[in-house]
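What Swiss-Prot records for 33-53, 77-98, 113-133, 178-198, 226-246, 288-308, 320-340, 347-367 is transmembrane segment, and it gives similarity to another entry as the kind of evidence. Per Swiss-Prot, heme b b562 binding site is recorded for H83, H182. Per Swiss-Prot, the feature heme b b566 binding site maps to H97, H196. The feature ubiquinone binding site is assigned by Swiss-Prot to H201, with similarity to another entry given as support.
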Amino acid sequence: MTNTRKTHPLXKIINHSFIDLPAPSNISAWWNFGSLLGLCLIIQILTGLFLAMHYTSDTMTAFSSVTHICRDVNYGWLIRYMHANGASMFXICLFLHVGRGMYYGSYTYFETWNIGVILLFAVMATAFMGYVLPWGQMSFWGATVITNLLSAIPYIGTTLVEWIWGGFSVDKATLTRFFAFHFILPFIIAALVMVHLLFLHETGSNNPSGLISDSDKIPFHPYYTIKDILGVLLLVLTLMALVLFSPDLLGDPDNYTPANPLTTPPHIKPEWYFLFAYAILRSIPNKLGGVLALVFSILILMLFPLLHLSKQRSMMFRPLSQCVFWIWVADLFTLTWIGGQPVEHPFIIIGQLASILYLTIILLILPTVSMIENKLLKW
């Protein structure tokens, strides 16, 4: 008699995705972040659902409702801080997952890669709208500053901003719609994840060598299920250490002050995972130019398959490209640091140089170095 997991219509899909899936025998720990992102999404949806049961999306009561969750709801503080710090873990996993794809040339699966970039945009939008919900000072001013960027769009800009606001400033209508979008987007993300996996399983996983691994495949279960469990344990350990020991480490103290449209915080800045993009935005003196640079700083990921000029897929055997890649990573750290600094000398010029380097490495230096390596290998 045949096994139910191989015949049952539903169990068959799960079997082909997580059990009998042929996987390369040599994928490293860098391949763990896909499953960790799935876990992060589940944690965020569950904690978010419980928070939504007690949260009120009204300007008068939003801040108080978050305080009520932390003080009066059973383990409300735990749920709230798991959700807030879960977002940080989500972003760390995202950056490492994308970085892995760049290093090992996974972007040559361009449907999987492009859906991944769309997912990145969707997660960033969700995180931004979630940051507005507690209705603290940084929530309010962050929403005001970021939505105002759309006014840089010629002709329709101002109308568009007022349409998004639902009025002439960030107010009750804005908060209510942001809550609605923040609630629905994670489910759209979950659906996109399915499509992401669908396209990935058409080709199978890449591996560190970048070579075709069809001749050497092993079943996903038990080998990679047990490996994923190790990743899960480390992620949960890190998240819980953060939540239980220093839950406000990555937050902004300004968000413990209720939103006040009459006083502006001295330094308006987003959550740490947006600081690199914020630094790029601020490094251009022109409003429209800054907005375009901000969008392009993420959209540039879609160009990776076109900019790949090396004869090898992975960077595993390309030491020159490796050096350039790690310089680019260091540049990202520099941008993150600059994004959190005030707009004054010497931070302005450092931010501008780091922004130029960020784009130049991707558009010019990496493709050039790839061609040099081809020549060195007489290809």
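Glycine is treated like the rest: Cβ placed from N, Cα and C.
Locations of recorded Swiss-Prot features on the structure.
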{"residue": "H83", "record": "heme b b562 binding site", "CB count, 10 Å": "21"}
{"residue": "H97", "record": "heme b b566 binding site", "CB count, 10 Å": "20"}
{"residue": "H182", "record": "heme b b562 binding site", "CB count, 10 Å": "21"}
{"residue": "H196", "record": "heme b b566 binding site", "CB count, 10 Å": "21"}
{"residue": "H201", "record": "ubiquinone binding site", "CB count, 10 Å": "14"}
**Complete:** the residue listed as 'ubiquinone binding site' sits from H97 (heme b b566 binding site) (Cα to Cα, rounded, in Å) at a distance of 17
**Asked** Quick one: what's DSSP say for H201 (ubiquinone binding site), helix, strand or coil?
**Response** helix
**Message:** Quick test of the contact rule: Cβ under 8 Å, at least six residues beyond the ends. What residues does that give for the transmembrane segment (347-367)?
**Reply:** 279-280, 282-284, 293, 296-297, 300, 303-304, 307-309, 321, 324-325, 327-328, 331-332, 334-335, 338-339, 341
**Prompt:** Where else in the chain does the transmembrane segment (33-53) make close Cβ contacts, counting only residues six or more beyond its ends and a cut-off under 8 Å?
**Reply:** 69, 79-80, 82-83, 86-87, 89-90, 93-94, 96-97, 100, 130, 182-183, 186-187, 189-190, 193, 228, 231-232, 235, 239
**Spatial separation of H196 (heme b b566 binding site) from H182 (heme b b562 binding site) - C-alpha basis, Å** = 21
**Asked** Most CB pairs under 8 Å with the transmembrane segment (178-198): which of 113-133, 288-308, 320-340?
**Response** 113-133
**Item:** Spatial separation of H196 (heme b b566 binding site) from H83 (heme b b562 binding site) - C-alpha basis, Å
**Value:** 24
